[in-house]
Amino acid sequence: MKTAHFIQIFCLLALASPFAYASDPSPLQDFCVAINDPKDAVFVNGKFCKDPKLAKAQDFYYSGLNIPRNTSNPVGSTVTPVNVAQIPGLNTLGISLVRIDYAPNGGLNPPHTHPRATEILVVVEGTLYVGFVTSNTDNRLITKVLYPGDVFVFPIGLIHFQFNVGKTNAVAFAALSSQNPGVITVANAVFGSNPPINPDVLVKAFQLDKNVHTFHACISIMMKQLQLFVAAFAILACNPLLASASDPSPLQDFYVAINDTKNGVFVNGKFCKDPKLANAEDFFYSRLNIPRNTSNPIGSTVTPINVAQISRLNTFSIFLVRIDYAPYGGLNPPHMHPRATEILVVLEGTLYVDFVTSNTDNCFITKVLNPGDVFVFPVGLIHFQFNIGNTKAVAFAGLNSQNPGVITIANVIFGSNPPINPDVLTKAF
């Protein structure tokens, strides 16, 4: 019984659908596809949901993420979100994706926070100077220069930015651990609120009241020009009092995993270092741009970026993978993630993808994906990707767990140790 015989098991699953079930995530259903029509719909997580029996591949799909965006704007960057507004099937699944384009020589994704999500970013093109600031009272700036294939984590709720220090365009993809992570751009919130914040409040907040009249005048100008992020960031650098973050769970900025149990605190299965000792390397991984070897029986290789590779991911419910597929026939075989929804974007090649809903419908939802296409695989459901092109294929995927788990169906059924009793398999199928 060879574990690579996924075709055999997949055919058996098709003939005997009672086996294809999923565990009960929260909410207690496979998915809740958002719709605008409230008639005969259920209101869940801020959206009305269609009957799951009416769900189709288009509900989990988005196209065009391979197209360069226009960055001719004051900040020199454009963020293209793929969240529940673009993919209604993301509703209740706790994950989203963005593409970020940066203009040469200074394209900036300005200082901002995501109140409901941690972000894990991978650079595809260009050179980015990135950083985030820890919360009060330390307000430490942690920075790193990233190149293609480098990965960096921005903890939930902390002010962070990316700045293109190269002479060419830069492109990055990022996964965020919420279907609607929220964005608070510091300059816009402080100097562009509606109605405006009272200048007296800003004067005192920034503790720059030695020349009150001048500062009042500057604030009045900045309130009229929402894109003056440079002014806001300069003031933040002068006085860190504003750079606070909300209290996520756990109630501190991060828990960096360490192997040394001495003086460490045990959290979420890992011992954690003193946050004051954290550095940029704890949030960083390199070489995700390197093609992987796919000369194996299934013709694919999955490269995970989890807490084992980036120790800072501990407690942050986000995970990234690169998947390489051999030309025609490279397969990421039928499997499930018991603890995570997956959102996948194709960078190269053409993939035939699928997932199967749980009992008793066992609906087979499929789509052919090309570069720039995005697809969602709901938590706990059996799914696969198959390269139907004549060239290699590459995809990146975000998953909303630091340890989503993988259960490859063929391995579990025919490769368990000790083996499952053949009588059990005979009756099950």
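Including glycine, each Cβ sits where the backbone N, Cα and C put it.
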- In TrEMBL, Cys32 is paired in a disulfide bond with which of Cys11, Cys49? Cys49
- Note on the structure: Given the binding-site residues His112, His114, His160, the candidate whose Cβ has the fewest other Cβ atoms within 10 Å is His112
- Cα-nearest neighbour of Glu119 (oxalate binding site) within the listed recorded positions, Cys32, Cys49, His160: His160
- Note on the structure: Around the Cβ of Glu119 (oxalate binding site), other Cβ atoms found within 10 Å total 25
- Message: For the domain 'Cupin type-1' (286-426), how many residues does DSSP put in helix, in strand and in coil?
- Response: 14 helix, 57 strand, 70 coil
- Do you know offhand how many angstrom separate Asn109 (oxalate binding site) and His160 (Mn(2+) binding site) by C-alpha? 9
- Query: In the same chain, which residues outside the set His112, His114, Glu119, His160 have their CB within 8 A of the centroid of the CB atoms that define the Mn(2+) site?
  - Reply: Thr113, Ala117, Phe132, Phe154, Leu158, Ile159, Leu176, Pro181, Val183
- Query: Taking the Cβ of Cys32 (disulfide bond) as the centre, how many other Cβ atoms fall within a 10 Å radius?
  - Reply: 25
